[in-house]
Amino acid sequence: MATEVSPKDAVELTSSSASYSPDNPAPLIEPPRARTRRTPRSTRTNFELYGWLFMRLSGVVLVVLVIGHLLIQLVLDGGVTKVGFAFVAGRWASPFWQYWDLAMLWLAMLHGGNGLRTIINDYAEQPNTRVWLKTILFTAVAFTIALGSLVIFTFDPNIR
Amino acid sequence: MSTPTLDKHSSALDAAEVTGTHLIAITLRVRRFNPEVSAEAEWVDYQIQVDPKERVLDALHKVKWEIDGSLTFRRSCAHGVCGSDAMRINGKNRLACKTLIKDVSPEKPITVEAIKGMTVLKDLVVDMDPFFQAYRDVMPFLITTGNEPTRERLQSAADRERFDDTTKCILCAACTSSCPVFWNDGQYFGPAAIVNAHRFIFDSRDEGGEQRLEILNDKDGVWRCRTTFNCTDACPRGIEVTKAIQEVKRALITRRF
Amino acid sequence: MPAGTLYRGREGMWSWVAHRVTGVLIFFFLFVHVLDTALVRVSPEDYDKVVATYKTPVVGLLEYGLVAAILFHALNGLRIIAVDYWTKGPRYQKQMFWSVMGLWILLMLGAIYPVLGHAARDLFGS
Amino acid sequence: MQFHTYDTVIVGAGGAGMRAAIEATKRSRTAVLTKLYPTRSHTGAAQGGMAAALANVEEDNWEWHTFDTIKGGDYLVDQDAAEILAKEAIDAVLDLEKMGLPFNRTPEGRIDQRRFGGHTRNHGEAAVRRSCYAADRTGHMILQTLYQNCVKEGVEFFNEFYVLDQLLTEVDGVRRSAGVVAYELATGEIHVFQAKAVIYASGGTGKFFKVTSNAHTLTGDGQAAVYRRGLPLEDMEFFQFHPTGIWRMGILLTEGARGEGGILRNKDGERFMEKYAPVMKDLASRDVVSRAIYTEIREGRGCGPEGDHVYLDLTHLPPEQLDAKLPDITEFARTYLGIEPYTDPIPIQPTAHYAMGGIPTNVQGEVLSDNTTVVPGLYAAGEVACVSVHGANRLGTNSLLDINVFGRRSGIAAADYAHASDLVPLPENPTEKVEAQIERLRNSTGDERVAELRLELQECMDANVMVFRTEQTIKTAVEKIGELRERYLNVSIQDKGRRFNTDLLEAVELGNLLDLAEVMAVSALARKESRGGHYREDFPTRDDVNFMRHTMAYREVDANGAESIRLDYKPVVQTRYQPMERKY
Ligand SMILES: Cc1cc2nc3c(=O)[nH]c(=O)nc-3n(C[C@H](O)[C@H](O)[C@H](O)COP(=O)(O)OP(=O)(O)OC[C@H]3O[C@@H](n4cnc5c(N)ncnc54)[C@H](O)[C@@H]3O)c2cc1C
Ligand code: HEM
Ligand code: SF4
Ligand code: F3S
Ligand code: FES
């Protein structure tokens, strides 16, 4: 029977790693951040619960809003070619479309923002990095929502 | 239905059948790590002859017993009931004793490595303590109040059926270590802990459901599950793990509203 | 992360990966999109200029990609919601995933003409 | 080396160990040492059920249960112990239910019960439904439930600690238990646990057979540790061969499969058990069925090209019943044989299953150093022990019962003893023996390999001391084991490290298996009769005149250091039931 052993991709034993022995074992292969006896600390809020619910509720509403938006912008009536200042002005003349776009803006930003928050929680390793990334995210979301809302409500078709 | 989906039927197996031999030659590619030798893990190939109807565990034993005694892995029952030998075989979590060689494309090297997201102690052996810690954190025992009945507590067959699926768990960690969210930071309770909480939350005799739900409402509790279904695919006991998680989520929502 | 082979997940895992990637893409697009739309408040000329670039073939292709991302994210989002709220959802998640893919391909085929049509006309003239 | 001091130390975290731990932890400072994570223990593999005369589905009482146990054990059962077993069975089941065990339920919501081999109504009239079960995972549920309750009680576990030696110290002319020596797998460190009371619950020893339902880790470590310290082992020749193991693999298919209506058939499709046990048929006791299967095979009615197995036929049972009552075993057939049990019969053969013998104890779980003397502070329960409630052949479902009843009893007794007594001083240099053993194996440069010797041992045992035995075969086995023991002195291991050195521990375990196999064969050679699990073709009948007695095997070392086995005998306790011919 074949009993060949062929170490594949074997690591070069450097002088330091060659000195490992039963008395001087190498560090173990740790996962990135291990659960410890002290984690998790109970948070005692329903924040994650509400966040989770919000993702789903906003998702359902967004389907209507976003798909509708896409249809109008890209498909109906000549597709993207029609889009221009005049087109926008025409649409925002009606409060219905104003509120449509407003809802879309808020929901999408909050939905996407919360989604990104989850992603940051998942991948950012250092607590510091987490805080920074979330601060940036929060600022960006708040800024975008504020700017967008401002534009929709203070839009002036006669600016030209 | 409960064994993880199998790879395609093997041509090597057909060849073995035609020529009438029982044994086929396979390459077992094992990811080895021994901190007493080197800080790096490395892939090592072993060429062995096995019966395709044997288990991957048998192949590992063959290597350990005939080629290299230092190959280290856990095992006990050898038929999928003790949960010792969850490992990543051809990139998927399985029990080595429940995976037959013929079902893992033996014509190519079969890769075997430790489960992901846990500290590797040696070869295929990982540190299970954090896993059991998460299990203990959900209070996995019957909680009752009031006087004990003189005889058994009554429970209808339907109430018993309600949590049947999650009583099958053997704590093998195949699910938790297949979960992408768990790999990220290891803080997530993980599907196995939720499965064992589910087993009690939906037991009509238990009165500690509220407390368990509160524990799983944690920021590292059920809400971190992104329904990736790796756990359900990996569970050697065929437990519908994601469904159990979903039922816990819904219990939390209906409890709130 | 300890190196090793890639985890060989199935429909559930890869759909989640795609959901995440598309979600992030859409978020960043939306961010930019709000900024450019804000131009209508400042300078309609600049707005029209920006929108004009949207009508070039290259950006048209990107737009098609965006539609692909949004449609996938939306359809798969609905699948996730079904998994969460429909008792039989977890059992049929794979079937639902393939339905999502089927629907997505259909919609993307349907979107070729409306979205890419004008780009094609620009390119090949009509 | 590390020292620990506890009131009670429990060796093993299977059903017996954890049942004891739940009681002992409430009463004393307790540590549980286990070589596996508790939930990996082999109790989890038990399928069929746990017997108790609850009478939830039909008339039953504990006296009938006692009788069945005694008759099943071919009258070698100590009847006082059997009475306790049957009587306390009812509370043992109810306790488990209250701890949360999810038993299957009757339509009224009570614990459901089913038929099992050898359990009868009114002293053998017909099969009775006595086995309480949770599908075909009763052992799994028991193990999980007990572990859950250990978590609840805060039991202190030392996981992956191998107990390798028992410490005894002579105080005032009496040998007392002083503690144990354990090897920590993760670090290779040796630990001394000094304790007032020690309970062995380290399970069976089936791994000296090749075709066995036992786990790789069932290597009789507890029996060996005690035996090497000069304490006796009782009735080691009695080993149970379960009729329905998966052909060639030995994986168990529960007797519950026949309890649900499964039928054994030979190659002609004949229901051959009708010939051997007209009343109980396929549900006769295990030794009877195993012999019947081998008789069929020997007489050329075996199935398959080599005629070396028979079929377990479930095809006439409705698929819903199989799914509800036997989900795991049908899955085993699919996974390991690629067979669909709805439509195809399953090839089976008898598989080495359960050690009736073990460390002799009284009904409090106290270990005996001869026929009557108790070793103060030393206890044993579960498969490692021999109370003896199983006599020459254990009835199905009586072992899960045994581990609960006597696990509980020994837990209470040990903790109470620990309360009332002081620590016994450790012998000088307590780790000497274990250290020498480990160093010898680690430094050996011999050319024998553990796996090879183990395989030779297993093949020899399968061929010579299985279901049918004769003077000739047993002698062959004794010789072979002697030879293997010689060669064992020359084994070497490849892994010289300290961390997770399973190579080393497999060598240690092989040493235990060799010792116990020898005791088994020597005990079997001396028992010139057939009784229960021990069947001698050269002495095919039971001989109550000469052999109605328990075998007690002692290890003797002479002045030159040569080892030998001394056999002695112990009377059987008979209370109510006189030996009768055993018919099913
Ligand atoms: C496949 C199968 C099916 C069965 N079905 C049934 C059934 O239906 N009904 C029934 O009544 N009986 C059944 N039995 C028998 C019954 O399950 C066992 O006899 C019983 O579970 C033994 O329990 P235990 O606690 O004594 O040992 P185990 O559960 O085997 O536990 C042994 C423990 O000891 C520990 N240990 C061992 N050696 C050491 C050491 N050196 N140091 C430290 N710790 C050690 C192990 O880690 C383990 O925790 C079955 C047995 C098998 C194999
Ligand atoms: C069109 C309709 C949409 C639906 C139905 C939808 C649905 C969902 C759902 C259900 C989730 C939760 C996934 C989970 O918890 O595992 C989610 C996550 C997410 N969504 Fe949407 N969404 C939509 C639109 C959007 C838009 C417009 C954006 C961008 C602004 C977006 C960005 C994200 C992000 C970043 C995540 C997080 C992904 C993750 O955590 O893996 N989604 N979406
Ligand atoms: S749920 Fe399944 S995969 Fe997870 S630990 Fe339990 S048995 Fe293993
Ligand atoms: S793999 Fe993980 S993300 Fe959820 S569905 Fe399973 S726990
Ligand atoms: S060895 Fe027990 S589950 Fe594989």
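Just so it is clear, glycine is given a Cβ too, placed from its N, Cα and C backbone atoms.
Per TrEMBL, the feature domain 'FAD-dependent oxidoreductase 2 FAD-binding' maps to D:7-400. Per-residue pLDDT, averaged over the domain 'FAD-dependent oxidoreductase 2 FAD-binding' (D:7-400), rounds to 95.
The annotation FAD binding site is assigned in TrEMBL to D:12-17, D:34-49, D:ASP221, D:GLU383, D:399-400. Reduced to three states, the DSSP call for D:GLY12 (FAD binding site) is coil.
Per TrEMBL, the feature tele-8alpha-FAD histidine maps to D:HIS42. If you draw a 10 Å sphere around the CB of D:HIS42 (tele-8alpha-FAD histidine), it holds 25 other CB atoms from the protein chains shown.
According to TrEMBL, the substrate binding site annotation covers D:HIS242, D:THR254, D:HIS353, D:ARG394. Other Cβ atoms within 10 Å of the Cβ of D:THR254 (substrate binding site), summed over all protein chains shown, number 29.
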C-alpha spacing of D:GLY12 (FAD binding site) relative to D:THR254 (substrate binding site), in angstrom:
24
Looking at substrate and its recorded binding residues D:HIS242, D:THR254, D:HIS353, D:ARG394, figure out the farthest C-alpha pair and report it in angstrom, whole number.
14
So among D:HIS242, D:HIS353, D:ARG394, all listed as binding-site residues, which is physically nearest to D:GLY44 (FAD binding site)? Use the C-alpha atoms.
D:HIS353
Quick one: of D:GLY12, D:ALA16, D:LEU36, D:ARG40, D:HIS42, D:GLY48, which recorded positions lie within 10 angstroms of D:ARG394 (substrate binding site), measuring between C-alpha atoms? Sequence order, please.
none
When you tally the Cβ atoms that lie within 10 Å of each candidate's Cβ, which of the binding-site residues (D:GLY12, D:GLY48) has the highest tally?
D:GLY12
Could you state the CA-to-CA distance between D:SER399 (FAD binding site) and D:HIS353 (substrate binding site) to the nearest Å?
11
Neighbourhood of the substrate site (D:HIS242, D:THR254, D:HIS353, D:ARG394): other residues with Cβ within 8 Å of the Cβ centroid, in order?
D:GLY48, D:SER213, D:GLN240, D:LEU252, D:GLU255, D:ARG286, D:TYR354, D:GLY396
Would you count the other CB atoms within 10 A of the CB of D:SER399 (FAD binding site), including those on all shown protein chains?
27
Of the binding-site residues D:GLY12, D:ALA16, D:ARG40, D:GLY48, D:HIS242, D:SER399, which ones put their CB under 6 Å from ligand 1?
D:GLY12, D:ALA16, D:GLY48, D:SER399
